[in-house]
Amino acid sequence: MSLVAIGINHKTATVDLREKVAFAPDRIHDAMKSLASCTQSGEAVIISTCNRTELYCNNSEAADVVAWLEDYHQLSHEDVEPCLYQYKGQEAVKHLMRVSAGLDSLILGEPQILGQVKQSFVKAKEAGTVAATMDRMFQNTFSVAKKIRTETEIGAAAVSVAFAAVSMAKHIFSSLSTTQVLLVGAGETIELVARHLKDNGVKAMVVANRTISRAEAMCDEFGATAITLEQIPDFLPKADIVISSTASPLPILGKGMVEKALKQRRHQPMLLVDIAVPRDIEAEVADLDDAFLYTVDDLQSIIEQNMASRREAAEQAELIAEDQAYQFMEWIRSLESVDSIREYRTQSMAIKDELVERAVNKLAQGGNSEQVLLELANKLTNKLIHAPTQALTAASRQGDLNSLGQLRAVLGLDKD
């Protein structure tokens, strides 16, 4: 038995099956306690996201963990088994490190997964299903994920449209904290853009949307101002950056509207990023002297270049994960040796205490001290060499030269 990781992810299973094996947030506490009861160590952590469900256990058989998963979700082995992956020992540790660093994600190097793994670990601690071994494993994993992000370029280059749009703004403006941003739309992409902007210090954001209530809901989270699409001409002159992503069939920002805004800005430059398909901003806006217009195609070429850069960084990251997983297992093995040494010393001390007690009793009864000491020495010697003698004899009879050589080395018989 050893560390075990089993899972299903976006590479191995359809959305339909991933939904069936997912754990609801309000049930994961009890689920981890149930899973931990199937292990000898009582240690278990469940990671459940939209793209993966993974179970990590210590001192457990993989087959038992799989059976528990199938039973918990009332799924047949035939449905689950073909989509499962399993790792043991060092490979299980390495897999956790790869997952946490974003090396196994749908978007290579994405940082969100690390936060999700940390949340799962916290929930496991709250459930009481983490002890020394898995606590050390997860803490090491978080350090390794940080090391990978620090020592490689795995997360440096934008590989999502939203991130690429904000990265472009960072290249053009020396500091985003003093810029005013107009976001057009209030869907998932614009929400992600707003999150990236806030993370980069943007304080002044205006969100324009056809449905004002949706814009207001988003603004509550990011401290932005909500307006309708009809109000855009009033706010456009104040905008240093405009990022648009709506489902409108026709352009929302025309050349005339932008030209008028630029005049009011006294021709201070304006960055416009159109990530909508079809376009939200008329292509002719690019002809204006102080307007810098980029489309989703421009961003896509940047993303493709950055993906190549991330793949190179991933090769370095894989080496780090491999090395750190090996070092963690070295720590595990050192614990095993400590336990063995402690057990051997305890056994030897018990033999010594028993024989000394007998010798003391004989001396108390008037026994000859020299004879008692000689008997003690002989019996102690025989007791201590009994197990090694049996092992040497067995290795010789079986012709096991490898074991015989190791035993001689351990017993110091080959010293000059």
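Quick reminder: no glycine exception, Cβ is built from N, Cα and C everywhere.
According to Swiss-Prot, the feature active site, nucleophile maps to Cys50, an assignment based on sequence analysis. Marked as substrate binding site by Swiss-Prot: Thr49, Cys50, Asn51, Arg52, Ser105, Glu110, Pro111, Gln112, Gln116. The NADP(+) binding site feature in Swiss-Prot is assigned to Gly185, Ala186, Gly187, Glu188, Thr189, Ile190. The site 'Important for activity' feature in Swiss-Prot is assigned to His95; the stated evidence is sequence analysis.
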Neighbourhood of Gly185 (NADP(+) binding site) by C-beta distance under 8 A, where only residues 6 or more apart in the same chain count: Ala208, Asn209, Ser244, Ser245, Thr246, Ala276, Asp280
Collapsed DSSP category at Thr49 (substrate binding site): coil
By Cα-Cα distance, the member of recorded positions Thr49, Cys50, Ser105 nearest Gly187 (NADP(+) binding site): Cys50
Neighbouring C-beta atoms (10 Å sphere around the C-beta of Thr189 (NADP(+) binding site)): 20
Cβ-based isolation winner (fewest other Cβ atoms within 10 Å) among the binding-site residues Thr49, Gln116: Gln116
Cβ-centroid neighbours of substrate site Thr49, Cys50, Asn51, Arg52, Ser105, Glu110, Pro111, Gln112, Gln116, 8 Å, sequence order: Gly102, Leu106, Ile113
Three-class DSSP secondary structure - Gly187 (NADP(+) binding site): coil
Top Cα neighbour of the residue listed as 'active site, nucleophile' in the set of binding-site residues Pro111, Ala186, Ile190: Pro111
Gln116 (substrate binding site): nearby recorded positions from His95, Ala186, Glu188, Thr189, Ile190, Cα cut-off 10 Å: none
Sequence-distant neighbours of Pro111 (substrate binding site) in its chain (C-beta under 8 A, six or more apart): Gly102, Arg149, Gly155
